[in-house]
């Protein structure tokens, strides 16, 4: 099976998406049919596989590549005789941050009837906004850390105790994130987060907690639904991954080691993953990052499009992607009818 990779987008994570796409090329190799770049002007470009290097984009030379356009069922390119479809494959949405994870691209691909791997509109909106994610997780029976919402109109903490972590509500990759240990540090952290978003989430910061990452998706095996789980990773013990470390994290291609944890904890993490995934993220390969505090599992965040789609957590990443591509959700078909208009005209004719 071949995949087309859509990357770029207009977001603070634009460069990360490029790095992620270059890494995915190393992992998928000949399984990639086309690379499609969405630039900062929302124009699509067809990038030759042998040109997929980060310098192409930073230099602006990507504009020398073929510009392509969306039509129903396919991307097309202009020719002397009109528009010619590019052979379509299952598309991988690899746009991190806004455009890719906020539901914009999902809506566009759905509208033009292009099959794609990635979060759908509702799950994009829910997971892109950290406040919505907290509400969603609580409704699904998954625990979250204590938090408050700060806005420009109401920027004051009410009850949460220091230390805290401040995050822009709609941003990833540790951009605009800071740990606040005491009140005198609050103004700086708040100003930093407000540079990126008008809403901030303030969470209790627990140092020394165990953190585990688990990726996966749901597919069908015959008539049965089954989950394809990755191994569970215990990430770096560094207090907070800064942007540069997250940037490098998105370029990973070597498989990591399974965390040394009990089978009971594995089952707990997988159970919480399923609570979040079911009837929400079908068609997407997601990664959930969890905290474990006093043997209780808490959701840290949902990554609806993890860096290089968390290939480094899977033993058979291509196999999982292929299974998922054959199990994409189908929209209910709506038959448009004009019977009421016809009845009105018929009645008027009388």
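Each residue, glycine too, has its Cβ placed from N, Cα and C.
What Swiss-Prot annotates here:
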type	residues	note
BINDING	160-212	ATP binding site
BINDING	289, 301	Mg(2+) 1 binding site
BINDING	301, 303	Mg(2+) 2 binding site
DOMAIN	134-337	domain 'ATP-grasp'
Least surrounded among the binding-site residues, given as 202, 209, when other CB atoms within 10 Å are counted: 209
Overall pLDDT of the domain 'ATP-grasp' (134-337), taken as the mean: 91
Neighbour count (Cβ, 10 Å) for residue 167 (ATP binding site): 25
For residue 174 (ATP binding site), the three-state class that DSSP assigns: coil
Among 181, 303, the one of these binding-site residues whose Cβ has the fewest neighbouring Cβ atoms within 10 Å: 181
Secondary structure of residue 209 (ATP binding site) (DSSP, helix/strand/coil): coil
Candidate nearest residue 188 (ATP binding site) in space, where candidates are the binding-site residues 289, 301, 303 and distance is Cα-Cα: 301
Nonlocal neighbours by CB distance (under 8 Å) for residue 301 (Mg(2+) 1 binding site), same chain, sequence gap 6 or more: 130, 133, 172, 288, 289
Separation of alpha carbons, residue 303 (Mg(2+) 2 binding site) and residue 202 (ATP binding site) (Å): 19
Residue 174 (ATP binding site) CB neighbourhood, other CB atoms within 10 A: 17
Packing count at residue 289 (Mg(2+) 1 binding site) (other Cβ atoms within 10 Å of its Cβ): 17
Alpha-carbon spacing, residue 174 (ATP binding site) to residue 303 (Mg(2+) 2 binding site), which is rounded to whole Å: 13
